[in-house]
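The structure under discussion appears below in the form of structure tokens.
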Amino acid sequence: METGGNSLPSGPDGVKRKVCYFYDPEVGNYYYGQGHPMKPHRIRMTHALLAHYGLLQHMQVLKPFPARDRDLCRFHADDYVAFLRSITPETQQDQLRHLKRFNVGEDCPVFDGLYSFCQTYAGGSVGGAVKLNHGLCDIAINWSGGLHHAKKCEASGFCYVNDIVLAILELLKQHERVLYVDIDIHHGDGVEEAFYTTDRVMTVSFHKFGDYFPGTGDIRDIGHGKGKYYSLNIPLDDGVDDESYHFLFKPIIGKVMEFFKPGAVILQCGADSLSGDRLGCFNLSIKGHAECVKFMRSFNVPLLLLGGGGYTIRNVARCWCYETGVALGMEVDDKMPQHEYYEYFGPDYTLHVAPSNMENKNSRRLLDEIRSNLLDNLSKLQHAPSVQFQDRPPNTELPEVDEDQDDGDERWDPSSDMDVDDERAKREIIKTETKDLESQKGIAVHPRGSETTADETTSTKALDAGPMQVDESSVKIERENVNKTSDSVFYKS
């Protein structure tokens, strides 16, 4: 059985895509604390909808392989990762200086299993990038990922580890250019900052701008040095609706795809841009939000779909379920099937919710100005910038896939419990060997405004791009076909 979905009956994008979906059944158990708006439980609710709508049987369901310290240190500072690994609710009072230094404690609290949570969601995003690099799927999905605010040395905005940056670094091993698009209501500041000075990654963020977290993302922030014009920011005001959003999204992204010609795309699908979000102020419908996924899918470029924000959790689950159907090319019924979280979706028990009648403060004149400004910036780019790409690092090797994992019916029984056990969800295993390549050039990942180039970086480190090892006692693995490979050397400020 193919792992692609049923094709839509009409339209230029009515074709199958092979989809890999990463999910760990433990992810819903993590808890930021009483009253905190970020609730990982929304991932479990999404998964329950996918199961009962029958979507899981059309995808390859994979348990993410937890990221190791050295995987996280491809972007994050060693001492920050060591802190995340060691801090617990019981010990945090003894580390007040470090809590302040790493911005952990309020928006980003210490909770039980914090580091395991980071390992899980980062592992899913990097694992998706590896699958795409090997051509084993067309679209990879990790709804637990998309935590776009985390910085190299600090947590921010409910985000501890920037799984998006790690996934981009993995994709850069195979692709000369990677596009990142962010439709969360908040500016994707952590990702933009990491790649602000390179022309190999273009970042495009549509977000609320003004007196709103994180306060960055001005339309005049366009990148620096070699990265000039490779950061695009689309600042929006309250109440933006589907029509206004796509008046900007489609022509801008269409022009980006034409000029930049990315080899792979990451779309961060933060659901806090939906109407009625607990922390948001936009007025998008689920179909309007999902239209962005459909548009990106239409380019037939390897695509990684990630989660992100979203704080009215019943609507987050609705949105990501529907967008999984879009990825598969399957239309999902509005009438919701009975499942264990059914009572969350009353009184209508439907997948879609109507936008509100809130005022749209984005005038057509303002939208015209934004569109004109950004299209003008894009016209200053070279078509498909030439990139020196010598000594391309070898691909991370994957073990041979078990035949029964290719059978969707055998892989998932929709009537079964939601848990993905070790026999049903194959973990990503890669055995990597780090080898210093002293003369190789890499991506300089550093804060905005830094003029340091990769060649000038004083603090360099071999950064392991490889997905992640597993406790051999916990899962059966075929290792015979796993080849040792050399990883790339990336430079880090």
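Easy rule for this one: first residue shown is 1, then count along the chain.
Note that Cβ sites are derived from N, Cα and C of the backbone, with glycine treated the same way.
Residues annotated as domain 'Histone deacetylase' in TrEMBL: 36-324. Residues or ranges marked as substrate binding site by TrEMBL: D107, G157, Y311. Annotation comment: TrEMBL describes H149 as active site, proton acceptor. What TrEMBL lists as divalent metal cation binding site is D184, H186, D272. Under the heading region 'Disordered', TrEMBL lists 383-493. TrEMBL lists 399-422 with the feature compositional bias 'Acidic residues'. For 423-439, 473-482, the entry in TrEMBL reads compositional bias 'Basic and acidic residues'. Marked as compositional bias 'Polar residues' by TrEMBL: 450-461, 483-493.
Where TrEMBL records a feature, it is marked here on the structure.
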residue: D107; record: substrate binding site; Cβ within 10 Å: 17
residue: H149; record: active site, proton acceptor; Cβ within 10 Å: 28
residue: G157; record: substrate binding site; Cβ within 10 Å: 21
residue: D184; record: divalent metal cation binding site; Cβ within 10 Å: 26
residue: H186; record: divalent metal cation binding site; Cβ within 10 Å: 28
residue: D272; record: divalent metal cation binding site; Cβ within 10 Å: 23
residue: Y311; record: substrate binding site; Cβ within 10 Å: 20
Overall pLDDT for the domain 'Histone deacetylase' (36-324), taken as the rounded mean: 98
Sorted by sequence, non-D107, G157, Y311 residues with Cβ within 8 Å of centre, substrate: P37, M38, H149, F158, C159, H186, F213, L279, G309
Candidate nearest G157 (substrate binding site) in space, where candidates are the recorded positions H149, H186, D272 and distance is Cα-Cα: H149
Distance [Cα-Cα, Å, rounded] between H186 (divalent metal cation binding site) and D107 (substrate binding site): 15
Rounded Cα separation (Å) that holds between D184 (divalent metal cation binding site) and Y311 (substrate binding site): 11
Recorded substrate site residues D107, G157, Y311, farthest C-alpha pair in Å: 14
Distance, H149 (active site, proton acceptor) to Y311 (substrate binding site) (CA atoms, angstrom): 16
Divalent metal cation site, defined by D184, H186, D272: further same-chain residues with Cβ within 8 Å of the Cβ centre: I185, H207, K208, G270, S273, L279, G280, G308, G309, G310
Integer Å distance between the CA atoms belonging to H149 (active site, proton acceptor) and D272 (divalent metal cation binding site): 14
Distance [Cα-Cα, Å, rounded] between H149 (active site, proton acceptor) and D107 (substrate binding site): 12
